[in-house]
Amino acid sequence: MENVTILPRESSLAPLDTDVDSVHPVWAALDILCVIIFGITFIMGTVGNALVIWVAGFCMPCTVNTVWFVNIAVADFAFCLSLPLNMTFVILHRNWPFGRVLCKLHGAMNNLNFFASVFLVSLYSVDRCVTVHCPLWARKHRRPHLAVLEALGAWIMALAFCGSSLVIKDTITYQGITYCYNNYDIWNETHRNHSLWQQIAIPRYHALIIIRSVCGFVGPAVVIGVCYGLISAKLWKKKLTSSSRPYRVLMAVVVAFFLCWLPFHMLQWAEFISSLKDYKALYNTVQRLGSIATSLAFLNSCLNPVLYVFIGHDFHEQLLHSLPAALERAFSEEPRTKNKDKGHKTIRYQQTLSPLAAKFSKL
């Protein structure tokens, strides 16, 4: 994947020869496409998620919905910040020039934000399901401070899952290329012996793949699928077509997340299979396709702001209206302490932001 798994030289699963393989026109074209996707995601993701954080976090009153939007946007924004490293990694033909410490931090941050995203989307789905099926209970107990605690719990769980990256991430130089890879023999217990590797390192690798897939993809998919099924059944039964926009937003976010991440997890399982029988050709193909699968997965980090705009069709109009008000406040030379001017500006600013707040509350 984007984080190469290197097995001992005695195994057929040795590192692919990137100097030779990278000249193949198919792989070269995929690398170019990968860099383009990374670049688009970086620009759109940082700008879009920064706007969501600004609007939902600073321009609007705190609600349960804004808590979810802000936290998901923070996870996506952090994802996007790491993309220049991934772009450099691909441009240099899988060479990692940033050192061992940044290799560990990069892997840990990617895992943190990945698990945080999927846990937050799952909580958002459960919250929406409860709102639909238990409206009276939700009206009484659904509070922003509880949503903040739930979001904090999601981040703590994600932090626990990313800890392994700080341990197993390592760098190694092979055939003139420095790899940032998952070292499942971090304490050198196998002494690069193929038989010991199969007994010690491979089970660790399999455990990591299973945990990541079950906790980061399959489990959340089941939770989200059940929630959306219950929501759809309720809306269909009551024919609530006029109020279904929040759930269209939820559905779009969920579908985008799993479509973007599905190729990544499929390739992880292909790599899992290749490790069982030492399928060198399959392993090398997985390693080559890993970057494009990763770029598609990271593309999800810039999609949510776009979905908010196009599904909440007048959200973009209100967002554009709020920008001049913010710029006017920032560039104004008049003192903020003048009560008269402050009152006029506050009224004008609230009038501008109120429709935006209402729109986010409906999402």
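Using N, Cα and C of the backbone, Cβ positions are placed for all residues, glycine too.
Note: TrEMBL annotation is automatic and uncurated.
The transmembrane segment feature in TrEMBL is assigned to 26-56 (among others). Residues of the same chain lying 6 or more positions beyond the ends of the transmembrane segment (26-56) and with a Cβ under 8 Å from any Cβ of it are 66, 69-70, 73-74, 76-77, 79-81, 83-84, 86-87, 90-91, 93, 288-289, 291-292, 294-296, 298-299, 301-302, 304-306, 308, 319, 322, 356, 360.
For 48-308, the entry in TrEMBL reads domain 'G-protein coupled receptors family 1 profile'.
Positions annotated as transmembrane segment by TrEMBL: 68-92 (among others). With a cut-off of 8 Å between Cβ atoms, the residues of this chain six or more beyond the transmembrane segment (68-92) that come close are 2, 31, 34-35, 38-39, 41-42, 45-46, 49-50, 52-53, 56-57, 98, 102, 106, 109-110, 112-114, 116-117, 120-121, 123-124, 127, 147, 151, 154-155, 180, 253, 291, 294-295, 298, 300-302, 304-305, 308, 360, 363.
Annotated transmembrane segment per TrEMBL: 112-134 (among others), in sequence order.
TrEMBL lists 146-168 (among others) with the feature transmembrane segment.
Proximity of distant same-chain residues to the transmembrane segment (205-228), defined by a Cβ-Cβ separation under 8 Å and at least 6 residues beyond the stretch ends, is recorded for 5, 114-115, 118-119, 121-122, 125-126, 128-129, 161, 164, 168, 182, 184, 247, 250-251, 254, 258, 261, 265, 268-269, 271-272, 275. The annotation transmembrane segment is assigned in TrEMBL to 205-228 (among others).
Annotation source TrEMBL lists transmembrane segment at 249-269 (among others).
Here the transmembrane segment (289-311) has Cβ contacts under 8 Å with residues 1-2, 4, 30-31, 33-34, 37-38, 40-41, 44-45, 48-49, 51-52, 69, 72-73, 75-77, 79-80, 83, 86, 89-90, 117, 245, 248-249, 252-253, 256-257, 260-261, 263-264, 266-267, 319, 363 of the same chain, all six or more residues outside its ends. Positions annotated as transmembrane segment by TrEMBL: 289-311 (among others).
If you look at the transmembrane segment (112-134), the same-chain residues 6 or more away from its ends with a CB under 8 A from one of its CBs are 64, 68, 71-72, 75-76, 78-79, 142, 147, 150-151, 154-155, 157-159, 161-162, 215-217, 220, 223-224, 227-228, 230-231, 234-235, 246-247, 250, 253-254, 257, 300-301. Averaged across the domain 'G-protein coupled receptors family 1 profile' (48-308), pLDDT in this predicted model comes to 86.
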